[in-house]
Structure formats: structure tokens, C-alpha cells
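> There's a structure below that I have some questions on.
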């Protein structure tokens, strides 16, 4: 099963695709979609959306996951990030994919083991878990981490559902 992780940003949106087979996770592809800061906000959002649509067509994931937005000190920046996140999430949603959302601390804990991990720790762990991943940027590493987090949580939810269905009340 292919899963897409997305790390939204207005300037750079990271994406990563993994293949999950049983309890094995493999790297498929990763990269970034960049928007041109000389363009209007609407045009930049369209660039991000179009880039993610292209990723969906190229790699055909069956589910997607995205990091939740944190609120920073600058309300205008937070608003723009939220708009970018919406444009990015819209692409898999319109393609009929489930789009899961995870807090940054949950993603870090799932991949590194601690919710307060630094970006370089996340990148190092991604390189360990996914040998051969090129990791164009930290944004791509974060996107792969989000996909891995979703794979872990999805597997846990599936195990719980199977246990309940089997009479494990």
C-alpha cells in the first residue's frame, strides 16, 4: 500500500511516498513543490495544488497524511501557512483519498521516539529507516516522517479493529 506524507509550506511543500507491505516500509520517492514568491497568493496556492496533483498521478498513493499547523507569533504567516495547507490537502481529498492529520510532536515521537526531536534527528532517522531516500530537503524528510507516522498509526488502528471484530471486547 502506498502512503503519501505532506509537509505543507507556502514557499516549499515537502512530499514523500512510502510503500507499506505487512510490517515493512520502503521508500518510493520524495521531493518538494516550490511556489514562486513573485506571484500572487492565489497563483502560489495553485502551484502547490498542481504540484501535489502531479505527485498523486505519478505515484498513485491510496492514503495521505499531513502535519497539523502550529500557530506562531505572526498571525499573517500562520494564516498563509493555513491557506497553503488547505491547497495541499485539497489535492488528495479531491482524488478520493483519506487525509489523516498528525501533530508535529506525534510525528517526531513515531519516528524518533521523542516528541521534542530536532529536524536533524528526524532526517537522520529517516535515512536509517529508508535507505536510499535522497531527501532533497528537510521538508521532504519531514514528509516521509509523516507518511511513516501514518503507517504506524494506521497499522495500530487496523490491529485494534481486527481484535474487536474477533471478539476481543
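Every residue gets a Cβ built from N, Cα and C, even glycine.
The active site annotation in Swiss-Prot covers 7, 67, 139 and rests on sequence analysis. Annotation source Swiss-Prot lists Mg(2+) 1 binding site at 7, 139, citing sequence analysis. Feature annotation from Swiss-Prot assigns Mg(2+) 2 binding site to 67; the stated evidence is sequence analysis.
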> What residues, ordered by sequence, lie under 8 A Cβ-to-Cβ from residue 67 (active site) and sit at least six positions away in the same chain?
6, 7, 8, 101, 102, 103, 104, 107, 142, 146
> Where does residue 139 (active site) sit by DSSP, helix, strand or coil?
helix
> For residue 139 (active site), which residues of its chain lie six or more apart in sequence with Cβ-Cβ distance below 8 Å?
7, 9, 12, 13, 14, 32
